[in-house]
C-alpha cells in the first residue's frame, strides 16, 4: 500500500485583534454599570443571532454578526459553529467564507468542530486546496471527522488518488474508519482504475460491521460496483442485503440500470419499489420515465405521466424534461405534438426544458426547422443556451444541410464561451461533414483544445461517410498513436464507411483489427459486421458472423433479415424472422420494414398482407409511412396498380413523397401513363420542386416514345434549376475505389476497359443477347442507342472488374440508382461469357448473376 507522509502539524495563526487606539476620557477602569451594560448588550445580540438562525434567517443572523463585530464583540464558538453549518446546509458558500473571516478577526482559538466545518465548507465549494490547508494546520486537533471530511473533499472534487492516499494515511495515524469515512473512500473507488482497491476496502468494511450502519454505505457500494466494473450482480447483492432502504437507495439502482442500458430491469425494479410501499420522488420518476423512453413503451410512459400529475411531480422541471423526451422517442409517426403539450404546460422553463424540447424535435427526424425556430424563441427570452443546446441545434443545421445557419449558431456559441466544449466542437465537425465541407470539418477538429475519443470518432465517422476511407484510417491510426483506447463506435464508424462504398477489402481489414483488439464479442460491433458484409455483397460472411454470435438483440436479427431481403432471399429472410420470434425477441418497426421488403422483392402479396396486419395486432407496432411504402411497392411491383392506388387513398394519413414516388416507379415499370401522371401530380402538389418526380415522369413518357412530353418536362426542370442525380457505379480493386459515370473516359485504363466492352459485346451477341434500346431514354437513332447502352456506368465498372481482379473472386459493383434493365440482361450473359459471378448492388437491392441467371429471377 502507498503511504504519503504528512507535513509537520502546524497551528492556525491566531490573528491579532486590532487595539482600540482612541484614548479613554480617564485612564480608569470602566464602571460596573458600563460593564453590565456591555454584557447585557452582548448577550442580547448573541441571543438575537441564535434566534435568527433558529428561524432560518441566515442573512439577518449575518447582519447581527456584523453589528457585533463593529461593536468590538464576537459570539462564542458554539454560535460560530451554528452559523457555519447553516451556511453549508443552504449552500451559501460566500457567506460561509465571510464567517471564516469574522472568525479570524475574533482571535478565538478554534476547536476541531469549527475546523472540521471549515474543511466541509471549502470542500463543497470546490476549493480543495483551502480545505487541505485547514486540515494541515489542525495538528493534534485532527479527529476522525477531520480525516473523513478531507477524504470526502477529494472524492467530491474527482481527486480519487488523493482521497485513497489520505485514507491510507489515516490508517497509518491510527484512526479507524466509520461509516462516513468508508462512504467517502468507496466513492473514490467508483471507477475502472480504482475498483480493485474498492473491493479490498469492501472486505475491510464487512469485517468492521459498518455495512448496515447507514444507507449511504450501501449506496456508495452500489455505485462502486456499477461504475467501476458494470457488476450489477454484486450491486444487487448489496441492495438485497441492506437492512434499511430509503427512496434514495431505490432511485440510485433504478437510475444506474437505466443509464447502463438495462431499461427493462429498471422498470421492473420500480414496480417492486412501489409494491414495497415506497412513493417515487422526482429523481425516481425521471429515471423510470427515461427507461420507458429508451424502450419505446408509450403506454407505460403515459401511465407514469398520469401518476406524476396526481402526485404533483409533473411540476418538477426534471420530470417535465423526461416526459418531453419520452413522448418524442415513443411517438410512432414522428409527431412532436404530445411532447410540445408537456413542454407548453410546464410552469417554469429553464435551459434543461428548452434543450429537451429542441433535442426532441431534432431527433424526431423531420422537425429540424421547428427546432431552430424554438431555439430562436429561446434566445430572445431570458434563458441562455448551454453546450447541449448548441450541440442539438448544430445537428439540426446538419440535417438541413444549412451551413450558413450552422456557422451563425457556432458564432453565438463562441460569444458565450461554449465553443471549446467538446460536444459543441464535435457537432460542428459533424455539421461540416454532413454539408460536404470536409476541409472545414478538418479545421474544426484541429482547433479543438482537448480532443477526446468522441472527437476522434466524429472525424473518423465523417471521413468514412464521405467515402474517404484512407483519411478515416489515418485518424484511426492517430488515435492509437495517442495511446487512447479505441472503442466499439470507432470500429463501427469504419465498418459503416466501408459498407457505404462497398469496400469489402477495407471491411475485412477492419474485421481483422477487431479480432486483434479483443472486440469480437461486442454486440454493437457484431451487428455492424453483419451490416457491412451484407451491404458489401457477401451475405454468406454476414450470416457467418450472425451464426457465431453468443448473444443477439433485435438489431442483430433485424440486420440479418434486412440482409437476406436486400439480396432477394425472401425465404431465408422470413425463416430468420420466424426464428427471431421463437427466440423471444420482440420485433420493432425496422424489422417489419425488412420483412415487408422481403415479400416485395419476390411478390409474396398474401404473405405481405399477413405481416402488415399482424404487426399492430400481435406486437402493438403502429404502421408508419415506411411500412405503407413497402406495401405500395409490393402491390406495384406485382402489377396491382389499381389496388395500390386504393391502398394509398385508404391510408390514415396523407401519403408522402416516398409512397407516391414508389407508386410512380411501379407505373414506369408497367407502363401505366395515366396512373403515373396522377401520382406525379400528387407529388408535385406537395413539392413542385421534387426532382425525382420530374425524372420518373420523364422516364415514363420516354419509355413509350412520347418525346414532346419528355422535352416539356426537361424544359420545366431547367427553368426551376432542378438537376437529375448523376448515375454512377463504383468497384473496389486492391483497396482502392474506382468510380465511373456514363460514357466515362477519365480512367487511366480507359482503352483496356472499352476494348473489353467491345469484346464482351461480340461474345454475348453470339450467346443470344439482343440489346433492349427501350432503356435508352433519348430520341436518337437505333445504332446510337445501342452504343449508349454499352456506355452505362455499371457496364464500364464490370468490364474494369474483369480486367483487374482475380478470376477466383466475384466482381462486386455498386450503383447509386436502379440498375438498367438492359444491363441486367447483359450481366446474365457476361456471367456465362467469363465464367464469373457478378454481384451488383443498386439503390433497391442486390443482384447475384451466375451461370446466366440472376438471384432476383427477373422480378425487380
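Any Cβ shown, glycine's included, is placed from N, Cα and C.
Note that the structure is predicted; figures quoted are calculated from it, not measured.
What TrEMBL records for 19-35 is compositional bias 'Polar residues'.
Mean pLDDT, taken over the domain 'DYW' (768-860), works out to 82 on the 0 to 100 scale. Look at TrEMBL and you will find 768-860 tagged as domain 'DYW'.
Feature annotation from TrEMBL assigns region 'Disordered' to 1-40.
The repeat 'PPR' feature in TrEMBL is assigned to 111-141 (among others).
According to TrEMBL, the feature repeat 'PPR' maps to 143-177 (among others). With a threshold of 8 Å between CB atoms, the same-chain residues lying at least 6 positions outside the repeat 'PPR' (143-177) that come near it are 1-6, 112, 115-116, 119-120, 122-124, 126, 128, 131-132, 135, 183-185, 187-189, 191, 193-194, 197, 201, 204, 208, 210.
According to TrEMBL, the repeat 'PPR' annotation covers 246-280 (among others).
Listed as Cβ neighbours of the repeat 'PPR' (350-385) (distance under 8 Å, sequence separation of 6 or more from its ends, same chain) are residues 317-318, 320-321, 324-325, 327-329, 331, 334-336, 339-340, 343, 392-393, 395-397, 399-400, 405, 409, 412-413, 416, 418. Summarising the annotation, TrEMBL assigns repeat 'PPR' to 350-385 (among others).
According to TrEMBL, the repeat 'PPR' annotation covers 452-486 (among others). The list of residues near the repeat 'PPR' (452-486) in space but at least 6 beyond its ends in sequence, with Cβ under 8 angstroms from a Cβ of it, reads 422-423, 425-426, 429-430, 432-433, 436, 438, 441-442, 445, 493-494, 496-498, 500-501, 503, 506, 517, 737.
Outside the repeat 'PPR' (522-552), and at least 6 residues removed from its termini, the chain residues within Cβ reach (under 8 Å) are 488-489, 491-492, 495-496, 498-500, 502-504, 507, 510-511, 514, 559-560, 562-564, 566-567, 569, 583, 585, 810, 812, 839, 841, 846. The repeat 'PPR' annotation in TrEMBL covers 522-552 (among others).
Per TrEMBL, the feature repeat 'PPR' maps to 553-587 (among others).
Shown for the repeat 'PPR' (553-587): DSSP residue counts in helix, strand and coil, namely 26 helix, 0 strand, 9 coil.
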